[in-house]
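Peer 1: Handing you this structure, nothing more for now.
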């Protein structure tokens, strides 16, 4: 049975919970349109603005926390945040709605207070003093006492406070993630100084806004998992150790839970003899180690941006969106101009940066981002700069001791760098293994084709992947209709096949040649007219980027080649573009397999058809699984 006040009344509403703000917004709109004196509803406007500022504070702290390229050396808990924790904290902002409802009810039930709020001055020094006194003498001791009691009382911890502590890695969103009862208590803790200063007749808009926002700012600071304070500050001013906590200080509370109960001021832990003795020594140790080299990843996936809209899918922009497969969100369009400007800035000044990470069987796997977007790879004057970025990333990985670096999508474009051969030939002594991952990509596509298929239609037939797919299928006795206008390139591929299978490779030059073939393997973009040649019931397997659009309702469409990572992956909380949770592009998975197997060769240039089955079997051995798209 659910404990009293442990669940939220609107927990089943989903995003409809935001309609609870509607009465406030409606009141403002009504007064604006139909009443001459809008000052009567200033309190509604203040509530809505403060709620927005509180959400913004959490979002900005989340952005900072997830900027691994800035914070990685100062992280307190090195583990990653997985999908389970993100889902657990999905409705972290429930407490903001609660505070809006409570303040609204207080204002409605107390017209004098409502009038007082509507007429508050902008600033009052006495109000600031009163607020600080009330915070130190009421809020801090009350929170400390109740927080310690929640930990020491088994019933209250099990049924209430354990919900907050079930997030393994502190994050700014963890700060507001608690049960209804705890947040009701927090409303009292944060509300008394504000209401008290107003009742004393010394309140002001500045103190209300400042305290409401700073309260959340400090709670996010404590949960940010990044040690932002210099240890020298506390050595120069030792008294600060009693007046303000640090992220390390509160992180120790989450790790050991029997110490460091204070709200923001450690002096109450000192007085209550509950301060962790390692609090300040650990804080100093983390700051001093900021310049030291951290753990070296065993594997790096070198990715790149796709387009401006998908850039907002990054975990350091919106963590919740990044934890779901990418899809265009219309309400983010107003952010497009700003994101475009950021893209231009990255083009001019940025270098390859750490994007995300996860751990697989004690192997640290990182994704690095080349600061380039899809369209830039097709600009002739930009290719040298892109190759310079990729080369610099490979050399950096080699220098720090990375075992395998896998090139994503356009980073291994044949026209750009020969599928990675440019770098391997230029630097023959590389210790890091450069991998394009296309062998496993080919394997995923080939193993998806039913065994009873006798004929396929292949576009992009003379590309790196097209060649490997054609050669593999012809050895299986499958007739391959290879769409290409180049007789020379077709014949070159045909000659690579064993003599007895060469007749299974057939050159075609028009799409109508496949009007009776129900298995299409697409390596080149198809227009609606070109897709119309496929008979009803056709399945489109594809390795074209971006994927073709689904124009035919009587046909099925496969997704890009992908594999699901093993179940024992840890700290994975970001979706790879349009992939489902835990699913990565096959070229990413190919690099992981290369690393797990400990293979010492580079996988660049042309695909070795003889290794396709070997790589597939290795992937199966390590628990990776194919993502079937035949039903799509």
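From the backbone N, Cα and C atoms, a Cβ is placed for every residue, glycine too.
What you are looking at is a predicted structure, and each value in this text was computed from that prediction instead of being measured.
From TrEMBL, here are the annotated features:
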type	residues	note
DOMAIN	133-274	domain 'Fatty acid hydroxylase'
DOMAIN	456-624	domain 'Very-long-chain aldehyde decarbonylase CER1-like C-terminal'
TRANSMEM	41-64	transmembrane segment
TRANSMEM	95-115	transmembrane segment
TRANSMEM	127-146	transmembrane segment
TRANSMEM	183-209	transmembrane segment
TRANSMEM	299-318	transmembrane segment
TRANSMEM	330-349	transmembrane segment
Peer 1: With a Cβ cut-off under 8 Å, give me the same-chain residues at least six positions beyond the ends of the transmembrane segment (95-115) that come close to it.
Peer 2: 10, 17-18, 20-21, 23-24, 43-44, 47-48, 51, 54-55, 176, 178, 180, 183-184, 186-187, 190-191, 195, 198
Peer 1: Could you tell me what the rest of the chain brings near the transmembrane segment (41-64), counting residues at least six beyond its ends with Cβ under 8 Å?
Peer 2: 21, 24-25, 27-28, 31, 70-71, 92-93, 96-97, 99-100, 103-104, 107, 114, 117-118, 171-173, 175-176, 205, 208-209, 212-213, 216-217, 220-221, 224, 226, 316-319
Peer 1: By DSSP, what is the split of the domain 'Fatty acid hydroxylase' (133-274) into helix, strand and coil residues?
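Peer 2: Summed by class, the stretch gives 98 helix, 1 strand, 43 coil.
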Peer 1: Taking all residues of the domain 'Fatty acid hydroxylase' (133-274) together, what is their mean pLDDT?
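Peer 2: So the average pLDDT across the domain 'Fatty acid hydroxylase' (133-274) works out to 97.
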